[in-house]
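Engineer: One structure, as structure tokens, below. Some questions next.
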Amino acid sequence: MEINNSNNNNNYVCAQHNRIEHANHHDLPDSDSDSSSREEELMNSSGGGNGKEPIGEKKKLPSHISEVISNERRESIIRELQQIKTISDYPSQANQYNLIEPIGEGTEGRVFKAYCIPLKENVAIKVVELDKMDPQFVKDVIKEVKVMNGNNHPNLIHYHTSFLENNQLWLVMDYLGGGSLADIMKFKYPDGIPEVLAVTVLKSLLKGLEYLHSHQRIHRDLKSDNILIGEDGAIELADFGVSAMFEKNTCCSRKTIVGTPCWMAPEIISERGYNQGVDIWSFGITAIELIRGKPPGYDLPPSKVFMNLLFGNSPSLQEEEDKGVCSHLYKDLVDKCLQKEPSKRPNASKLLEHKVFKQAKKNNYIVSHLLHGLTPCEDRYRESMSPASSNTPSPDSSRPSSPEHYNHGNVVNSPLQKNIKPSSLNKSSSSLELKNKNLSNPDLVNMPRAASHPVELNALELSSGSGPLSQSSDLPHGHLHKIGTPKKKHSPSGSIGDSHGSISPPLSTSPEKERKKGFFNHFRRHSIAKLFGSPKEGDHNHQHHKSEGDHEHHHFHFPWKHHHHSSSNNHVET
């Protein structure tokens, strides 16, 4: 559950939850329940959370906070944590850990590299500022802790313990010094990793999925941002904030819209109901992402991504196979995962039998090839936050100034640091700014990748299914603002996609085109409009005048922050 601020493009559609005043329930209900009433709600999430704040200049966290959480809420959280039974030697007192430096930040808080004094080892600690958090977010964090605590597999992130420190919730997890695979690719393999590395990573990922699915769990947000790499080459799947249970032998058991658009399966968008097959689809998209360095549709706004999912062909690596970038076996693996009909997709166990995995290597191959020459994730994070990095011309630079380095003497040195001089790295392309690639064509928008930082959906403009997104220079870092509804424009070709397999219907109309258009408009009214719709006429200030108890909000996760040691969620549920 580590946070790994990543940003290329992709955006989260995350579940709306009923607002709660206290977290004093014994068994947290799954966020998919009561979907009909949830469809009437719009989630009022704060855009970016703590991720908007620059890393502090203090050597340690503040000992006091201006606003104190109520005793009732504190006791409620303590009761929740006490119900999470762990078999762990990790201490549950803050004075037994030394925070070294931040390695990521997200909606719920910052993630620090820390040193466990009694055990003499490095860990990752997520620090959640409870006084700044809506109770729903705290509920989500505790839900994720429960899921992680139930995981017992080498390819799933390990949770150790959690406790309250003043008004902060500390979550202790594995420290994986390589950081997220998405971050590694941005720094070292921006155009994709070699097939043998991809196959090695994917095999470990499938083993983790096989375990999850055998325990009736769906991850629902599988992508390279949530794949963490250890200094020893260990590969672990993280970020269980939007995972869900499914009923065994049930074909369609979930209907919540949740995930990151570029990785979402068609059945999620069409609300037909789904099961673990959505993870297999996301796995196939991730397989493409590893070869190309980016997922299909990465440069499209969500509305166009959804259009392609509904009416376009499944993505394929045919071009890469023709060019010799990947083998026929690798392409075949992707094709099997990206069947539009969920029942035609193999399960994780069946996929592990695919011949392509015969070329998978051991973890030491990951160390010698994927991690070789890379500085540890905290160094890359610091570089991306440094003034030199932010001053480097970059189409998506939007990071605050550099924080001071958190130091402590008793630090377990990373093997990645040996004989490596930190180079002057350009800011990661995963920076979180929405930029129009072509000012003359504002409809062409480069979307950042999801990193579990929610923004208000009313700030998104959907005009005829293809309205642009924009970032206001007048707003705090990471905030989107609603731009004026543009006049209806048509490009000369009438294209609504790009050259990478997206649909581009001509301006001329036909019964088939009109049928699709009518269907999508109907679908958008009932689904997509809830995620991206603008406020009703005469209600332009609606989003700014909701009462505290107003339940109307969707949760749509966008990848605003640069995930370095991830887990935070970019997801959508409605």
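All positions are counted from 1 along the displayed chain.
Just so you know, glycine gets a Cβ as well, placed from its N, Cα and C.
Feature list, courtesy of Swiss-Prot:
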type     : residues                                                                       : note
COMPBIAS : 24-41                                                                          : compositional bias 'Basic and acidic residues'
REGION   : 24-64                                                                          : region 'Disordered'
DOMAIN   : 97-357                                                                         : domain 'Protein kinase'
BINDING  : ILE103, GLY104, GLU105, GLY106, THR107, GLU108, GLY109, ARG110, VAL111, LYS126 : ATP binding site
ACT_SITE : ASP221                                                                         : active site, proton acceptor
MOD_RES  : THR256                                                                         : phosphothreonine
REGION   : 381-447                                                                        : region 'Disordered'
COMPBIAS : 386-403                                                                        : compositional bias 'Low complexity'
COMPBIAS : 418-441                                                                        : compositional bias 'Low complexity'
REGION   : 462-514                                                                        : region 'Disordered'
COMPBIAS : 462-475                                                                        : compositional bias 'Low complexity'
COMPBIAS : 478-491                                                                        : compositional bias 'Basic residues'
COMPBIAS : 492-506                                                                        : compositional bias 'Low complexity'
REGION   : 532-554                                                                        : region 'Disordered'
COMPBIAS : 536-553                                                                        : compositional bias 'Basic and acidic residues'
Engineer: Specify the count of other C-beta atoms within 10 Å of the C-beta of THR256 (phosphothreonine).
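Structural biologist: If we count other Cβ atoms within 10 Å of THR256 (phosphothreonine), we arrive at 26.
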Engineer: For VAL111 (ATP binding site), list the number of other Cβ atoms lying within 10 Å of its Cβ atom.
Structural biologist: 31
Engineer: Could you tally the C-beta atoms, other than its own, that fall within 10 angstroms of the C-beta of ILE103 (ATP binding site)?
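Structural biologist: There are 32 such Cβ atoms around ILE103 (ATP binding site).
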Engineer: How many Å lie between the Cα of the residue listed as 'phosphothreonine' and the Cα of the residue listed as 'active site, proton acceptor'?
Structural biologist: 13
Engineer: Please report the Cα separation of VAL111 (ATP binding site) and the residue listed as 'active site, proton acceptor' in Å, rounded to an integer.
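Structural biologist: If we compare the Cα positions of VAL111 (ATP binding site) and the residue listed as 'active site, proton acceptor', the gap is 20 Å.
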Engineer: Quick one: Cα separation, ASP221 (active site, proton acceptor) versus GLU105 (ATP binding site), in Å?
Structural biologist: 18
Engineer: State the mean pLDDT for the domain 'Protein kinase' (97-357).
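Structural biologist: Per the prediction, mean pLDDT sits at 89 for the domain 'Protein kinase' (97-357).
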Engineer: So for ASP221 (active site, proton acceptor), how many other CB atoms are inside 10 Å of its CB?
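Structural biologist: There are 33 of them.
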Engineer: Could you tell me which of these binding-site residues, GLU105, GLY109, has the fewest other Cβ atoms within 10 Å of its Cβ?
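Structural biologist: Across GLU105, GLY109, these binding-site residues, the one with fewest Cβ atoms within 10 Å is GLY109.
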